[in-house]
Structures are given as C-alpha cells and as structure tokens.
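This report concerns only the one structure given below.
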Amino acid sequence: MNKYLDIAPEVREALESNRPVVALESTIISHGMPYPKNVETALAVEQIIRDNGAVPATIAILGGRLKCGLSKDEIEYLGKKGAEIVKTSRRDVPVVLSQKIDGATTVATTMMIANMADVKIFATGGIGGVHRGAETTMDISADLEELANTPVMVVCAGAKAILDLGLTLEYLETKGVPVIGYGTEELPAFYTRKSGFAVDYRLDTPLAVAEAFDAQRKCGLHTGMLVANPIPEEFSMDADTINRAIDEAIAEAAEKNISGKETTPFLLAKVKEITDGESLEANIQLVYNNAKVAAQIACALCTL
Ligand code: PSU
Ligand code: MN
C-alpha cells in the first residue's frame, strides 16, 4: 500500500467486496467550471454513479495526501478554491506531496491514483492530447502517456477540437491504446457527436466494453483504454459555432504567448466565454452521460 494514499472507507469496502467503483477527476472541478456550478455538477455526478449501482471515488491531493474518495465538504472546498489549487499532472505530484499542499488531479494523475487504489474505471469530460501546432511546440498532454502505461479505462466524450484530433489518435495507436466508440464509429469531439475521425472499434453495450477491458488486463497488457461516448443529441452544439469559438481561442492564446500547463485551462475558459455559457451546459450534460455509462461498465466488469 502506498504510504501517501488514503482510500475513503466506502470506496475501500466496495473494492474489498468486488463491488463497482468509478473514479472522477478534480481538475474539472477546480479549473474546468466556475463556482458554484462546479460543485453542484461534481455532487450530481457522484449521485448519478450511485443511481447506476456504483460507488463514486473523486480523486484529488489534499494536504499532500493522495485521496481516493472525497467528502462533500472536500468537494466544496476544491470547487470554491478553484484555479488557486495547483493543477496537478504526473510531473507535479512529487512537489505537491513534499510541500503537503493541495492538488487538483488531471486525467493523468487521476488514472495514476485510481490504479494505486485498484479502481479500474474512470469517468470524465474530455482528455488532454496532442495540441494543434505540436510539431513545433511539442505540447502533448501527459494524459496520453498515462493511457499508454496505466491499466485504467477512461470514459470521456472524445477530445475537444482545441487539440489536433488526428495526431492524438496517431499517438494513441503508437502507444497501443484502444479507442472504443460507445455506440459510434466516429470519434466524438466533446461538444459535438462527430469529428470526421474513425475510432478503432465500435462497441454497443456496457458488457461488450467490460469484456474488452477484461481481456486487455487478463492477457497482461498494461495499457489503458479510452472509451469515447458521444454527447446526447439534445445537448450537442452546432459544429460551426463551436469551431469558430475554438479557432478564436487558439488565436488569442498564440497572441498572448500562453504555453505549458496554462494552455488547456486558457482555451477552455475562452471557449466558454465566447459561447456565452452555452458550452458550459453542454459540458455538464456530457459529463453526466459519461458517469452513467462508466457506472454501467463498472457493474458489468464486476460480473466477469
Ligand atoms: N479537456 C477538457 N476538460 C478538462 C481538461 C481537458 O475538455 O477539464 C483538463 C483535464 O483535467 C485534463 C487536463 O487531464 O485538462 C489536460 O491538461 P494538459 O493539456 O495541460 O495536460
Ligand atoms: Mn501541455
């Protein structure tokens, strides 16, 4: 057992009795949405996971402890502090621990901590990936390396077009990470159901996805798996509107010389601002949908 890791009692009991658990990240709370919507959403997501038969485990670093499973008060605390909390990807972990401070975990760090606790399924909104222009900036999210190396399933709504989706898929292919379309042949682009890029495989039921993941683990492959679940039709956005907002946000980031870990939060906030809150509502709804599907997959996995 990792000496820095605290597993919440409810999560530990579920794991010990082979009951389904779904991990959730905290950067989406601190950096992805404004207060108090972020807290309301995080709590509603936990409830959706419970309603679908699994136990939620929101993951963060608090006072230098790796936390797998947060209380309502801890979620409220993270949401209120917002972007004051250190956005913690894998490379940030050592100093956040040694300084005994708080860290909001990205997809990469959430996968890492979930794996330490033996939580196998993780639901979020969108993953980081290869940024547009990465051929000169080399800006490639650590989320992709984590998917390459950590055997956790990430259920997301694809990736935002702030990234180069084609290069992101190429990277995942090189690293041996299966990209599964849940009920779709096309990679969803977060706010929209379509991107123009094909996923590797389409699977249509929670059991089929759980079986693929089970096969991956039992044959000793140590890679993660990406499950791309399209935003429900009724909440999806107009492609032209969102793509225009993304192009504008990327141009402004370049003008302001935004780089490194600031890039993704800057682009997300800009897109939100340009679309005047419409993107926030879509974002919330797709996370709810991913939480539901992840809980169903986690339940199916426990039967195998
Ligand atoms: N993409 C989104 N919403 C998010 C993020 C990405 O659509 O909230 C967050 C996630 O926590 C993800 C992180 O792991 O940004 C990636 O940041 P970076 O590109 O700096 O690795
Ligand atoms: Mn980056």
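Just so you know, glycine gets a Cβ as well, placed from its N, Cα and C.
Among the candidates Val107, Val119, Val155, the residue that TrEMBL names alongside Lys87, Ser141, Ala142, Asp143 for the substrate site is Val107. Annotation for Lys160 (active site, nucleophile): same-chain Cβ neighbours under 8 Å, separated by at least 6 residues, are Gly126, Ala189, Phe190, Tyr191, Ile246, Leu267, Leu268, Val271. For the substrate site, whose binding residues are given in the record as Lys87, Val107, Ser141, Ala142, Asp143, the maximum C-alpha distance rounds to 13 Å.
Only Ser141 of the recorded positions listed as Ser141, Ala142, Lys160 bring a Cβ under 6 Å of any atom of ligand 2; the order follows the sequence. Long-range neighbours of Asp143 (substrate binding site) (same chain, six or more residues apart, CB within less than 8 Å of its CB): Ser89, Thr106, Val107, Ala108, Met111, Ile127, Gly128, Gly129.
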